[in-house]
Amino acid sequence: MVKSHIGGWILVLFVAAWSDIGLCKKRPKPGGGWNTGGSRYPGQGSPGGNRYPPQGGGGWGQPHGGGWGQPHGGGWGQPHGGGWGQPHGGGGWGQGGGSHGQWNKPSKPKTNMKHVAGAAAAGAVVGGLGGYMLGSAMSRPLIHFGSDYEDRYYRENMYRYPNQVYYRPVDQYSNQNSFVHDCVNITVKQHTVTTTTKGENFTETDVKMIERVVEQMCITQYQKEYEAYAQRGASVILFSSPPVILLISFLLFLIVG
């Protein structure tokens, strides 16, 4: 008899909890969409020019805090604590620990599992780019540029344009336009520098098309990140609502008691 009363109270509390959750305020949907009209960014419209000037005082091809091709804390080709052909710690080959003919082997670096899990969950953080993350690869969008020549040129050269974008977490921006503007700036800058370093140059038509392609991908990336961010917030609200807390506390009381 007592067990039936306890089961009835648990059922009542469970129904009350879900009824309270159903009355929660619905989250707003992000604005904007694919190719919804004219450009939303100032400074566009100049033929052949870059419509997204880089911010923060850095020039094209200069990452934050250092020059391209310069690693942190040392030059290329210089290992830590010794020269090439020498093991760590200053010992010579074949001299190790008092035994004859042993090779001194450098210790293997330990993998930080927290960093691996964070990169898998939110995208890889790009070193030297001020905390930007690299999004997953996308299919390049089909875009019409208003002329047969440009449409054909885009179809023939789209493989030369980026299919991933750099971005920061959406909670660092007040709206979609700010996210997309910053995303386009850093992605176009990084792709242009990387490609020109390999000896390939872009024409004015290429720059125009790269900006359009990257803009569409940045909008898609924002919508994806915003939805994931909203779902995480909904989970926090779910488990922090008073009825759910009361139900969990009651169940723990029954288990412990």
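Yeah, the Cβs are placed from backbone N, Cα and C, and that goes for glycine too.
The Cu(2+) 1 binding site annotation in Swiss-Prot covers HIS64, GLY65, GLY66. If you look up Swiss-Prot, you'll see HIS72, GLY73, GLY74 marked as Cu(2+) 2 binding site, on the strength of similarity to another entry. Sequence annotations record features per position, and here Swiss-Prot assigns Cu(2+) 3 binding site to HIS80, GLY81, GLY82 based on similarity to another entry. According to Swiss-Prot, the Cu(2+) 4 binding site annotation covers HIS88, GLY90, GLY91. Here Swiss-Prot flags CYS183-CYS218 as disulfide bond. Feature annotation from Swiss-Prot assigns region 'Interaction with GRB2, ERI3 and SYN1' to 25-234; the stated evidence is similarity to another entry. Sequence annotations record features per position, and here Swiss-Prot assigns region '5 X 8 AA tandem repeats of P-H-G-G-G-W-G-Q' to 54-95. Annotation comment: Swiss-Prot describes 54-62 as repeat '1'. Swiss-Prot lists 87-95 with the feature repeat '5'.
Neighbours of CYS218 (disulfide bond), defined as other CB atoms within 10 A of its CB across all chains, total 24. Packing around CYS183 (disulfide bond) is summarised by its Cβ count: 25 other Cβ atoms lie within 10 angstroms of its Cβ, all protein chains included. For the recorded site, CYS183 (disulfide bond), the DSSP three-state label reads helix.
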